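Take a look at the structure set out below.
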Amino acid sequence: MSTIVIGLSMGMLLFLLAAGLTLIFGMLRVINFAHGSLYMLGAYLAFQMVSVTGSFWAGLVAAPIIAAIIGALMERIALRPVYDRDHVYQLLLTFGFILVLDEAVRIIWGLEYKQMYPPELFAGAIEMFGSSVPSYRLFIIGFGAAVSAALFFMLDRSRYGMIIRAASGDPEMVRTLGINVSLVRTGVFSFGAGLAALGGAVAGPLFPIELGMGFNIIIDSFIVVIIGGLGNIRGAVMAALLIGMTRALGYSYAPSWVDFLTFILLIGTLILRPEGLFSRKGRTA
Amino acid sequence: MKIVKSTILSAACAAVLAFTGGNYAMADEPESFKIGAVLPFSGPYGIIGKGMKQGAQLAIEMRGGEVLGKPVEVTWEDSETKPQPAVQKATRLISSGAQMIFGAASSASTAALQGITEQRKIPLLVTISADDKITRANGYRYTFRTSNTLGMEIRMALEFTKAAGLKKVYGVGADYAVTRDGWDAYKAAAEEAGVEIVGIDYPPLGNRDYSVIIDKISKTDADGVILIVTGSDGVTFLKQAGQAGLGKNKVLFGPVLQDEVLAAAVGPDAVGAASGVRYHYSLDNPANKAFVEAYRAKYNEWPDSFAGEAFDGMSWFLDAVDSTNSWDREEWVKAFEGSVRENSVEGRKEMRACDHQALQVGLWGVVEKGEAPYPDLKMKITNIFQPDVLFPACEE
């Protein structure tokens, strides 16, 4: 039973790491290779805020906001001119962002590891089903569920979500209705960058904060996005939970096969349902 | 008759070549002693490169910046913690006249450098990579390692297991060949010493979530957990283990689990974790005191393992070169193999001629809270193991 709780937390963490990637791909059709670097930036920004204010919550709020501003600048200055070109230009550009962001982090924070701790409220462990489950893991489950619900309602039920989806599907038509599509795109990229940073801030107390930490999660994020269906938020949640559970059971019974099991899921999806296990035709949210 | 003739001719050619080759080495005395340093300044081991550079620079500075009466000139190249750039950069450095190569950090990169240095007959000084295969009997003529091997560190972990009186041990190893070999060696020796092995898990290298494994271990009656992981993997495990309270009733230890850099990354949850230590600034001997004082004066920080090992290796190698009074690299190799350094910063070291591995004491320590001027978390050296229990004879 405790394995299920841990699997849930692993899944929710994976979702938080991948949400920004799936949003940007779903709405802008841009594969953002710099997602991992934005996640890393989020962890460093959160660390900085915690160092200055002493509050984990300040880091959790400030890191996504700062990263969202940086994301908006990245989109406005670099990405916007290449929307009309071939996808390969966007790929190269986001790859370039990795180099710039990594170097910026190295210059500002250096090569030493940084550390963050869970907030006092979630610092201990709770006895559940005969296991000591860190309460921060329970926080991740709740927080991940809240973020996924908020994203779903924003994209699927709100007026803003409708505009975003319409701008993604038929930008010309939306433009003729008097909506500034360029601004919508900037907003989406900025929001996705903020989500990546949010993932970094949440992951800070669990992993070492170091240069290159983004590289570690980018593959996981792509697996979630592919299994869930490209750009599908609900699919991303389901895929993240599926992978989390698979891994939790894998670690219980065959830890050295965990990566193998994850990739089997990925390959199986690509062969049997390349549009994603949880995709429905025409759905983007 | 034909055979005799051709043999005489071959011998004559060989003699001429040897003579001219020797002359070349003697006559063509360079303007400077060029060292090609291939270290990771970016990538996951970037922090290692920084410490190694600072240690090696100080070693050169403390000898007046000269070897064989010529100024030492070091070219620093970034291996990016990857074998391919390491080889490319070493090749370029050798082409530009480097008389020795210093590096790399990851064992994979060092193994890649061994190929090119053997081929070009250039000494390679290794001061951090720990894969046992880097120095093997009758292996690489031009490679010298002045630092620890993983095998030695595994044996230290075993000695610690016995010294701490641990009866039941659970193992966690990053899933790759060196770790599995290390675990097999530990398991066999531990069982022979009467220690019960409760279980072993091999999560993938670079694993990000240990919570299920930690939960599994917490439900066993193991009194110790050996972690054959290092770097970020060790930090991640200890952070997550701390949140679940695993260290409260089990001793967490590993051959290369912690040093002050990694303990700082873990935070207070690192306190109590025990680990092999490659070098430590607290070692009480005159050579180390002089080094630590000079290092702190120059860099305003405590030297880490990477800096201490690099300083030691570089000082030793350059002393060996100086002792030959020759620019012939073969002479340097002969002088270094079998040399003894009584005044190393870690005490006595002996460069074994059979495999070019330095025999030395093994340091073992535990993370504890530090007070100024020391770091917030520091290693306290608790055991010093002698070389005879750490290094098997060369024939083995």
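Cβ coordinates are placed from backbone N, Cα and C, and glycine is handled just like the others.
A quick note: this is a predicted structure, and the numbers were derived from the prediction, not measured.
The transmembrane segment annotation in TrEMBL covers A:6-26, A:33-50, A:56-79, A:91-109, A:136-155, A:183-207, A:260-278.
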### Query
Is it the case that the transmembrane segment (A:33-50) and the transmembrane segment (A:183-207) have 3 or more CB pairs under 8 Å, with pairs at least 6 apart in sequence?
yes
### Task
Between the transmembrane segment (A:6-26) and the stretches A:56-79, A:91-109, A:136-155, A:183-207, A:260-278, work out which stretch tops the count of Cβ pairs under 8 Å.
A:183-207
### Summary
Near the transmembrane segment (A:183-207) in space but 6 or more residues beyond its ends, with Cβ under 8 Å, are 13, 16-21, 23-24, 27-28, 30, 32, 35-36, 38-47, 50, 56, 59-60, 63-72, 74-76, 79-80, 83, 116-118, 136, 140, 143, 147, 163-164, 167, 174, 213, 216-217
### Query
So which of A:56-79, A:136-155, A:260-278 has the most C-beta pairs under 8 Å when paired with the transmembrane segment (A:91-109)?
A:56-79
#### Entry: Outside the transmembrane segment (A:260-278), six or more residues from its ends: residues with CB under 8 Å to it
223, 226-230, 232, 234-235, 238-239, 242-243, 246-247, 250, 254
